[in-house]
Amino acid sequence: MSRVVADNIPLSEVARVESSPTLGHLLQCVGDLRKEVAGDDTPAHRALEISGGGEPRSIPFVLSFSNITYSVKVRRKLALPNVLRRRQATDPELGLSSAKTILNGVSGEARDGEIMAVMGASGSGKSTLIDALANRMAKGSVKGAITLNGEQLESRMLKVISAYVMQDDLLFPMLTVEETLMFGAEFRLPRTLSKSKKKLRVQALIDQLGLRNAANTVIGDEGHRGVSGGERRRVSIGTDIIHDPILLFLDEPTSGLDSTSAYMVVKVLQRIAKSGSIVIMSIHQPSYRILGLLDRMIFLSRGQTVYSGSPSNLPVFFSDFKHPIPEDENRTEFALDIIRELEGSPGGTKALVEFNKTWHALKRGNDAVSINGTNLSLKEAISASISKGKLVSGAAAPGAAATASLVPTFANPMWIEMVVLSKRSMTNSRRMPELFSVRLGAVMVTGFILATMFWRLDTSPKGVQERVGFFAFAMSTMFYTCADALPVFLQERYIFMRETAYNAYRRSSYVISHAAVSLPSLMFLSLAFAATTFWAVGLDGSFMFYLAIIFASFWAGSSFVTFLSGVVPHVMLGYTIVVAILAYFLLFSGFFITRERIPGYWIWFHYLSLVKYPYEAVLQNEFEDPVKCFVRGVQIFDNTPLAAVPEELKRKLLESLSSSLGIKITRNTCVTTGADILLQQGVTDLTKMGCLWVTIAWGFFFRILFYLSLLVGSKNKRA
């Protein structure tokens, strides 16, 4: 008998609760009990005894797969002699590439309420089979049939009713266990479920996972102490089962754990299975205690099935195969040893594979279970399961008569996803202030060095030249300091892939929230740099425009680096590419060589340069005053070999020049204005506002490219 809390539900409602209630039922019970404690008028729950007897489930789910075959092409490194190349067409073994079979005709079935374990030596195809069943392979690459209750599963439906737990624990290190699960609930549970019920759902899940003592502990990483390895693995499982899926796939969930932690993880999986889920996992070598928790096993050897059935039948199977398992031996260890021994023999495991087929055919009649007794279609069965508390993300969907829209593709609208993503990102950033502090420090140090190096520039010809150099360096600095944004997405990449693979949120929501969260920090950095340099250098023009173009530069640079992080998977490679491309942008910006002097075959790069537009914008902001003079009288000889001659001689040269030109030029005559400087620098294409808008547009353009890179490059499927 198992004891659960229930309210004064009608007897007809009690009668339909299975021996292992779903998390939906537990959540409802806990919620009503807490209402009573809080003084709510809702009637309190009473303790009911629910039989743990062996009544069959009214709505069984059976995942069947037959003849699953998967091959990959392997390129050969050795070139072939000309004589042998003629035989390539008839002998693929002599070709430059050949097909390697990873899975070869694997068949089996998994039922709700049970754990099916896929076992075998390294390289036997365990993870590949899990990926094939979870539809994580490229379309058309897997041959064979996979059905749920006899019906083919659509990719969209499978994403909604299933979850996949990767071998690596992909979690944010600075979030607590409770926060991690709560954010998962915000993503996977529908908006129609109140905040309080989501919290109760998380609390029930924490208890189910055995994480109550670690609920307020951060996950941790190499630099931050956090939860243990077993607790981290259970949190990973919890984030994927928050919506109580019907199908749960796990790739070696006990890998890297000690015996006790591994047992606790599988014990949790058993409770999940008993709540009405199909649990399929790969496992390398389970202990004796873990073996007692498993219901079905598939042993693979080089992609072929050498045993499929119950763990209890394993001794009988090997006894019939004339390799009896000693009573004091671990069954799975003995089986794996026999398989390895056969793999090293001349005939391989062919005899064992054939024996398994024969033995299984004889035993099949005893193990057969009908799944058609309910006469329900798959979608009707799923709808009935939702009504019983399973698949919480589908709770807001229409009733049993639903068609393809039985469960929504995404649990929440786009704006909810953006809010939750932004909240999670800000929580992470707040707990790792050193990341922003380092970036702010770099900007402030750069600004301080520039301010003291170009301190209070005058309006002489040398001052003009120094101002132009200051602007070129300052604007390029805005982009170089954005390079530290490169690791941000690279660190989140696999978390993002795991969450979006099963429709936790839309990719577009992630892109928009990623951009929105970055704006406040970019504005703060822009204000810090602008305030440090504008008055110290003695710049003219509008401070607000100077601030705006610096902010636009940070925005464009951050977007550019973010796009590259979506394309380049490695940090060091990404840094190399960023530094190289930004150097090219500076080269073609118009500072080192003006637009008129750039060769025609490179002029296209000039207009692609991100540095060009903010550089020209600040030049126009500085030199746009039509009445301000920058070169007067004898200053015309500055920056020439005549700059060193005495002042008196310069006056005489100026008088001689005036008489020759027929124009009176005195020592106070303005020779060069701001417009002349802009013309000399080749800044004639766009107005300063035009340059500002183009810079901002570049930022949006790279965010769109980032989104496209996520669509194309984050499918999270094997080839």
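Even glycines carry a Cβ here, placed using N, Cα and C.
As written in TrEMBL, here are the features:
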- 78-327: domain 'ABC transporter' (DOMAIN)
- 395-415: transmembrane segment (TRANSMEM)
- 436-457: transmembrane segment (TRANSMEM)
- 469-490: transmembrane segment (TRANSMEM)
- 511-537: transmembrane segment (TRANSMEM)
- 543-564: transmembrane segment (TRANSMEM)
- 571-593: transmembrane segment (TRANSMEM)
- 692-713: transmembrane segment (TRANSMEM)
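For the transmembrane segment (436-457), the partner stretch with the highest count of Cβ pairs under 8 angstroms, out of 469-490, 511-537, 543-564, 571-593, 692-713, is 511-537.
Long-range contacts of the transmembrane segment (511-537) within its own chain (CB-CB distance under 8 A, at least 6 residues past either end) are made by residues 417-419, 421-422, 425-426, 429, 436, 439-440, 443-444, 446-448, 450-452, 454-457, 467, 470, 474, 478, 481, 485, 489, 543, 546-547, 550-551, 554-555, 558-559, 562, 703, 706-707, 710.
Summarised as a single figure, the pLDDT of the domain 'ABC transporter' (78-327) averages 85. Counting Cβ pairs under 8 Å to the transmembrane segment (543-564), the top-ranked stretch among 469-490, 571-593, 692-713 is 692-713. Among residues of the same chain six or more beyond the transmembrane segment (469-490), those with a C-beta under 8 A of the stretch's C-beta atoms are 438-439, 442-443, 446, 450, 454, 457, 496, 514, 518, 525, 529, 533, 537, 550, 553-554, 556-558, 560-562, 564-566, 569-571, 574-575, 578-579, 582, 585-586, 589, 591, 610-611, 614-615, 618-619, 622.
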